[in-house]
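Chemist: Pulled the feature table from Swiss-Prot, pasting it below:
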TRANSIT   1-95  transit peptide
REPEAT    87-121  repeat 'PPR 1'
REPEAT    122-156  repeat 'PPR 2'
REPEAT    157-191  repeat 'PPR 3'
REPEAT    227-261  repeat 'PPR 5'
REPEAT    297-331  repeat 'PPR 7'
REPEAT    367-401  repeat 'PPR 9'
REPEAT    402-436  repeat 'PPR 10'
REPEAT    437-471  repeat 'PPR 11'
REPEAT    472-506  repeat 'PPR 12'
REPEAT    507-541  repeat 'PPR 13'
REPEAT    542-576  repeat 'PPR 14'
REPEAT    577-611  repeat 'PPR 15'
Amino acid sequence: MVKLMIRRLSSQVSKFVQPRLLETGTLRIALINCPNELSFCCERGFSAFSDRNLSYRERLRSGLVDIKADDAIDLFRDMIHSRPLPTVIDFSRLFSAIAKTKQYDLVLALCKQMELKGIAHNLYTLSIMINCFCRCRKLCLAFSAMGKIIKLGYEPNTITFSTLINGLCLEGRVSEALELVDRMVEMGHKPDLITINTLVNGLCLSGKEAEAMLLIDKMVEYGCQPNAVTYGPVLNVMCKSGQTALAMELLRKMEERNIKLDAVKYSIIIDGLCKHGSLDNAFNLFNEMEMKGITTNIITYNILIGGFCNAGRWDDGAKLLRDMIKRKINPNVVTFSVLIDSFVKEGKLREAEELHKEMIHRGIAPDTITYTSLIDGFCKENHLDKANQMVDLMVSKGCDPNIRTFNILINGYCKANRIDDGLELFRKMSLRGVVADTVTYNTLIQGFCELGKLNVAKELFQEMVSRKVPPNIVTYKILLDGLCDNGESEKALEIFEKIEKSKMELDIGIYNIIIHGMCNASKVDDAWDLFCSLPLKGVKPGVKTYNIMIGGLCKKGPLSEAELLFRKMEEDGHAPDGWTYNILIRAHLGDGDATKSVKLIEELKRCGFSVDASTIKMVIDMLSDGRLKKSFLDMLS
C-alpha cells in the first residue's frame, strides 16, 4: 500500500493542502483567512514582543522558545506585511518553533497562508508540514506533501522518511512503515538510528517485541550500532509482559555490545522483577548497579521499596528508606506513601503515624494516597473519629478525598454497625463531585443485607443499575446471599436466572450460594439438579459445594444419599474437611445412630480434624435429656 502511495505521490500534489485544514484551528487561526479581521488584529499589541520597533528577523532570533499561538500569529502577520517579503527560510524558522510547542494545526494554517502570499515551499517547510500532518493523524495529507517534495525536484532525505515512518507507527501501521523503509533503501537512503528507533518503538507498541529484536540484530549486521534508546521499548514490553528472564538476557547482550546502561534501563527491569515476585533478583540487580558505578535515584529506590512493601516485607522497605537517606537521596511523597500503606496493611498503625510525622518534619506534603492509607488504618482499628479528623485535615491542606477514601470510610462505618452514618456519607459524597463506584454500592448493599434490611439493599441495587454503575460478580454474591439468608430464596432464584442468561462469567462461589439457599428453602431436589449440572456448565464443585449438598441431603433424608455423596466426593478427588464430618456426625446423632457417629468421630480424628462447637452443643443437649450416655462425651476429647 505504501509503495503504491509513494508511486502516486506526484499525481496527488495539487490536493496536498485542503481548505478544511483551518476547520480544526482556533478562532485566531480562522481570522487569518479574513483580511478585514486581520486588519483589526493588526491594531492590537502582543505579549511576548513588546518592542514594536524590533524587526521580524530580530524577533526570529530572540524569542521563539515556547512561543504562544497569539504571538506566533502576530509575528507571522508582521512578516507577511513586510516589504520585501521574508524568505521561506525565515518562515521555516517560525514554523519549526511553533511545531516544537505541538501547535500542529496552527503550523499547517500558517503554511497555507504563506503559500497564498506566493511564497514557495522548500524541502524544510514541506518536511515540517509532513511532521505536523503525521502528528495530527492525517497521513494521506502527509504523503501528498511528500509528493509535492518530489514534484518540486527536491530529494527526500532520511529525516523526511523517518517522519512518515513515525506517522505510520503512531497509527499502528507498522507493516506499512517497514514497507516504506524498503522503498527508502531502494531510493538510495540508508536508515539511520532515528529511523530504526522509531520502528522498534512502533513494533513494541504493537506487541511485536520479537520482531523488534530481529530488526535490531539485522541493524547490527548492516553496521548500524543500536543505542540505549533502541533497547528501551523492548525492555519495557518484556518486563510488562512478565518476560523478565528475556529482559535480563537482553541486558547482558547490551553490555556485550558496549552500550552504556543507565539507571533508567536497570529500573525498568527491577520494576518488572518486583511486579512478578522476583524480589531477591531485583535486589541483586540493584546491588549490581552500585558495583558498576551506576548511580541509583529516587525512582529506583521507590520501585524497590514498593516491591518489598507489596510483598509484605515492610522491614526491608524501611531499611531501604534508611539507606537512601544515608546516601543523601531525599525520599519523596511516593516513598513515604508506599511505606505508610504497607505499615497500615500489616496492622502497624503506630509506625505509619510516625512515618507521617517524619515526612511532615522533612517538609514533604502528604497527598491523597498518603491520607487515604492513614484513614484506612484508623478505620481498621475502629477509630472512626480519628479517621474523620484525618479527612478534615486533608481537605484543609488542599487534598480532595477520592472514591477510595470514601469507600474506606463507608466500609469502616458498616463494620462498626454504623451503617446509617455510612449511607449519610454516601449521600454527601456526590455533593463533593465524587461518583460512587461498584465497590461503594457493594459495601452498602452488604451492610444492609447483614442487618436484614433487604428493602434498602434492593433499593440501592436498583439505584446502582439506574446510574449505570456496573454490578460485578461480588455484587450478585452479596445480594443473593442476603436474599437467601433472609428467606427470599424465590427472589434470589429470579435474579440468578437473569445473570445465568447474561454474559457474566459465574464462578463456583455464586452456585454455592444458590444451592445453599435452595437447601434452606427445602428445595433439595432442585439443589441436587443444579449440583449435578455444574460439570456441564464448565464449573467444578469444590469441597464447600459438596458440604452444602451433603447438608441438604441430611436434612431431607434418607441419610444413605448423603453417605453416598460423602464417599463420591473422595472418589472425585475432594478430600472431606472437618465441616463435612461434623455435618454427618450431627445428622446421625439426630437420627439416633450413635454407633455411626462414633465411627465418623474416629475417622475425623485420624484425618487431623476436631469436633466443632455445634456438634459439642448437640451432644451436651442430648446428654442432658438422656438420649446419649455420658461415656459418649469422652469420645469428643
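Every residue, even glycine, has its Cβ placed from backbone N, Cα and C.
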Chemist: Any residues 6+ beyond the ends of the repeat 'PPR 15' (577-611) with a Cβ under 8 Å from its own?
Modeler: 543, 546-547, 550-551, 554, 559, 562-563, 566, 569, 618-619, 622, 627-628, 632, 635-636
Chemist: Under the DSSP assignment, what numbers of helix, strand and coil residues are found in the repeat 'PPR 10' (402-436)?
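Modeler: Counting residues per DSSP class in the repeat 'PPR 10' (402-436), I get 26 helix, 0 strand, 9 coil.
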Chemist: Is the repeat 'PPR 5' (227-261) packed against any residues at least 6 beyond its ends, judged by a Cβ distance under 8 Å, and which are they?
Modeler: 193, 196-197, 200-201, 204-205, 207, 209, 212-213, 216, 219-220, 268-269, 271-273, 275-276, 278, 281, 292, 294
